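Participant: Take a look at the following structure, please.
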Amino acid sequence: MVNIEIDEGSGFCFGVTTAIRKAEEELAKGNTLYCLGDIVHNGQECERLKKMGLITINHEEFAQLHDAKVLLRAHGEPPETYAIARTNNIEIIDATCPVVLRLQKRIKQEYDNVPASQDTQIVIYGKNGHAEVLGLVGQTHGKAIVIETPAEAAHLDFTKDIRLYSQTTKSLEEFWQIIEYIKEHISPDATFEYYDTICRQVANRMPNIRKFAAAHDLIFFVCGRKSSNGKILYQECKKINPNSYLIDQPEEIDRNLLEDVRSIGICGATSTPKWLMEECKKAILNEK
C-alpha cells in the first residue's frame with residue numbers, strides 16, 4: 001500500500017489567505033470586483049475565483065477604469081496605482097501583505113531621507129518585473145537597482161554607498177551570498193548597510209521542505225509556473241530528492257512515476273491552495 005502525505009507546512013501564506021478571503025467576502029455580496037493582476041500565482045485558484053465572478057485586469061485596463069471597486073493583491077503596488085485610483089474614483093480594497101507594506105515604507109523612508117547630493121544606491125534583490133518588486137521600485141520613483149542573482153552584484157558601483165533590501169519571497173541563502181560579495185568589494189570610503197526583509201513564513205519553509213523531500217521516495221511539487229517562491233522551494237526539493245517533479249495540476253502527474261514507490265510526498269508553494277494538493281492525492285489514489 002502506497003503512503004501519500006501532503007506537507008502540512010505547504011499552502012497559502014497568511015498574505016495570500018487574506019487577499020483571497022477579502023475577494024470571496026466581496027463577491028459573496030454580489031458586487032462587481034476587479035483584481036489588479038492575478039490574485040495569486042496559481043492558475044487553478046485564479047480559475048476558481050473567476051467562476052465566482054472575480055475579474056482580473058492589467059494596469060492598462062485599470063487606468064481606463066472609473067467608478068469601480070478593485071482589489072490590490074498581496075504583492076503590493078507602487079504609489080502611481082493609488083494616484084490613478086483617486087483620479088478615477090476607484091474604491092480600493094487593499095490586500096497588500098503587511099510584510100510587504102512594511103518593506104515598502106522602509107524603502108520609501110530610505111529614499112526620502114537620502115540627500116540629493118548623496119549618491120546612495122538603493123538595491124533590491126528580487127525578480128525584475130515581479131509584482132512585488134515593481135511596487136518596491138515604485139517607492140523610489142524607479143531609481144532603485146534590482147539584482148536577480150548574486151552574480152549581478154558585480155554590476156554595482158562599489159565606490160558609492162549601498163543600501164540592500166530583498167523581495168520578501170527570495171532565497172535567504174542567496175541574499176547572504178550577495179551581502180558577502182558586497183562586503184568584499186565595497187570601497188573603504190563607501191558605506192554598506194543591508195536589511196534582511198525576507199518573510200520568515202517563507203524562509204522557514206526551506207528547512208521544512210528539505211526534511212519533507214528526504215522522507216519520501218517520490219515528490220510532486222504542486223505550483224503555478226509564475227510562482228517565484230515556488231521555483232526556489234522546488235529547486236530545494238530537487239536538490240534533496242532528485243525524484244521530485246513540478247506539476248501545476250493533477251492531470252500533469254506522470255503515471256509511470258507511480259510504479260514501485262512506497263512513499264509519495266505532495267507539497268507546494270505559498271501560492272498553492274490546499275484543495276489542489278488534495279486533488280493531486282485523489283488522482284494518485286484512483287490510479288493506484
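Each Cβ is built from the backbone N, Cα and C atoms, and glycine gets one as well.
Note that the structure is a prediction, hence the values are computed from the model and not measured.
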Participant: Let me know which member of HIS41, HIS185 Swiss-Prot also records as binding (2E)-4-hydroxy-3-methylbut-2-enyl diphosphate at the site of HIS75, HIS130, THR168, SER227, SER228, ASN229, SER271.
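Facilitator: Swiss-Prot names HIS41 for this (2E)-4-hydroxy-3-methylbut-2-enyl diphosphate site.
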Participant: Can you list the residues of the same chain, besides CYS13, CYS97, CYS199, whose Cβ falls within 8 Å of the [4Fe-4S] cluster site's Cβ centroid?
Facilitator: PHE14, GLY15, VAL16, ALA74, VAL99, VAL100, THR168, THR169, GLN201, VAL202, THR270
Participant: Tell me which of the recorded positions CYS13, CYS97, GLU132, CYS199 ends up closest to THR168 ((2E)-4-hydroxy-3-methylbut-2-enyl diphosphate binding site) in space, Cα to Cα.
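Facilitator: Comparing Cα positions, the candidate nearest THR168 ((2E)-4-hydroxy-3-methylbut-2-enyl diphosphate binding site) turns out to be CYS199.
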Participant: Neighbour count, 10 Å Cβ-Cβ cut-off, for CYS13 ([4Fe-4S] cluster binding site): what number do you get?
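Facilitator: Around CYS13 ([4Fe-4S] cluster binding site), other Cβ atoms within 10 Å: 21.
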Participant: Grab the dimethylallyl diphosphate binding residues from the record (HIS41, HIS75, HIS130, SER227, SER228, ASN229, SER271) and give me their largest CA-CA distance in Å.
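Facilitator: Max Cα-Cα spread across the dimethylallyl diphosphate binders: 14 Å.
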